[in-house]
Amino acid sequence: MNIFVCLKQTFDTEEKIVVENGQVKEDGVRFVMNPYDEYAVEEAIKLRDANGGSVTVITIGPERAQEALRTALAMGADEAVHITDESLFGDEYTASNVLAAYLKDQAYDIILCGNQAVDDGSGQVAIRVAELLNIPHIGTITKLEVNGTDVVAHRDAEGDLEVVGGKLPILVTAQQGLNDPRYPSLIGIRKANKKPLANPGAGDLNVAGDIAKKSVVLETFLPAAKTGGRILEGDNESRVKELVGLLRTEAKVL
Amino acid sequence: MSRTILVLADLRNGAVRNVTFEMLSAAKRLANGGTVIASIISNNGSTIDTAALAHYGADKVLVADDAQFENYVPDAYAAVLDAMIKEVNPNLVLMSHSAIGRDLAPKVAARFAAGQVSDIIDVTEDGGNLVFTRPIYAGKAFTKNTVAGEIVFATVRPNNLTAGEPDVSRSADKEVKVWAELSADSLRTFIKEVVKKSTGGVDLSEAKIIVSGGRGVKSQEGFKPLYDLAEVLGAAVGASRGACDADYCDYALQIGQTGKVVTPDLYFAVGISGAIQHLAGMSNSKVIVAINKDPEAPIFKVADYGIVGDLFDIVPILTEELKKVLAE
């Protein structure tokens, strides 16, 4: 089974965001594999171990994004593709066209992606890729079964669970609860660090049409800082009464 | 400039959700005298009362009504929305940033080679351009964006755009027809079963009030007082990652940078310490109440009102007090 995983390197979710000169500051920030993509990588490895075949991980991003690919290789992925050509960087529209241009020339049975990236959180790229490749998708899955060419997935639809059927080739996006991603083994890390990464550029990919980004960021800003509010004092009954009073009269939310 | 704006009504169990009125009110404002079209894709589309859609701004309502739309199937919904877009040729397509919109918008945007901005919390007009505000890093920061193209897609976070006063004198034409032939083999995925899960009966993404529990609830049973409180308030129940990881509740309830990002009017953080990851998902709530034993818990830094104490003592008293007060 030929399995592909599209992944992204993102800020560690523990990082505080600092805006400097109108941009999110990246110096000194710890980068990790997007947590949702970890579920996708884990599921891909499990599928390969059960069915044979190979797992190829792909990312678009600067040199540092290599770390996320190495992590995936150390977890057990077989091959990695790192698109570092800056002419292929842009927004979700650009990224999906670039990934689709790469994938359309590959023999794939299933493509896994995280359901969104924790940085921009827009959740567009994977589904756009499925549409551009003209294959079906199942989004936000929490369980995946593949039997021959039959696919059954559990989809998290805002609290409800949908059991969705389909056939390969298909793209699925991983939601929390799908699995517990493994930690890379030491031997895996050693092997992963030696592995060559494929690095196709714009000339190799035959990207059709205009892929220039459509979304322009005019401004980046932080939310108003919260200073911490009022800690209520007294016994439980009086504090609760005071709280309810404040919620009604001061905050006006009841 | 006047615009044609298509709004996909967000439905749950056959009823129009409030975010639809928020989107229609925004569309009315941004259309500048152009046309606002509401779209309904449902298995009971013809029976849905569309008068309110007109009251909030729709000039026209397009209805797709077929048993096949009982559940969301991407290929089916995309075929209909695609056909509607081709008929009305909108400049802007608005959908809710909920289970369907999140899945459908990028699929259809890709068909039209269009740009999309997801999860917007505001949209304004500046020099003829639409400027969309959206959170990044789950609300740790925000951006203002413009999107180029003849047609732009946007998904709208519930509870953030303001629904205007309904104008009951307005009405809209309704066009019900078969928008796309959906042969069985054109639908490449299908729903085998839908399992309704309990999230306190109220959907987290649209809830005005959320009662959330963390590790401090200690067990699955520990969520019981939170559900009792939520019931009195008509609130949804949420959780921190800690509570989900400890298997006190389902991941569907998780609020945080991984998990759901919510902006209710009122957020109760109960037994939640306030890890930065959780704060990212809820700190933009309008009013935050924290109940926690540890006075040093970071949650108190973002809370508007805090009670330091044992949630198992305080929450039941709060529930009883609210029962009394809200009955008055």
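Keep in mind that glycine also has a Cβ here, set from the backbone N, Cα and C atoms.
Just so you know, TrEMBL annotations are computer predictions that nobody has curated.
Source: prediction; values computed, not measured.
If you check TrEMBL, you get these features:
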- B:5-191: domain 'Electron transfer flavoprotein alpha/beta-subunit N-terminal' (DOMAIN)
- B:Arg215, B:240-241, B:254-258, B:271-278, B:Asn292: FAD binding site (BINDING)
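Of B:Gln254, B:Gln257, B:His278, listed as binding-site residues, those near chain A by the criterion of a Cβ under 8 Å from one of its Cβ atoms are B:Gln254, B:Gln257.
Taking a C-beta cut-off of under 8 Å and a sequence gap of six or more, B:Arg215 (FAD binding site) has these contacts in its own chain: B:Ser240, B:Gly242, B:Ala243, B:Ala246, B:Tyr248, B:Gly271, B:Ile272, B:Ser273. Per-site Cβ counts within 10 Å over the binding-site residues B:Ile272, B:Ala275 peak at B:Ile272. Confidence across the domain 'Electron transfer flavoprotein alpha/beta-subunit N-terminal' (B:5-191), taken as the mean pLDDT and rounded to a whole number, stands at 96. For B:His278 (FAD binding site), the Cβ neighbour count at a 10 Å cut-off comes to 30, with all displayed protein chains included. Close to B:Gln257 (FAD binding site) in the fold, though at least 6 residues off in sequence, lie B:Tyr137, B:Ala138, B:Lys140, B:Gln277, B:His278, B:Ala280, B:Gly281, each with a CB less than 8 Å from its CB.
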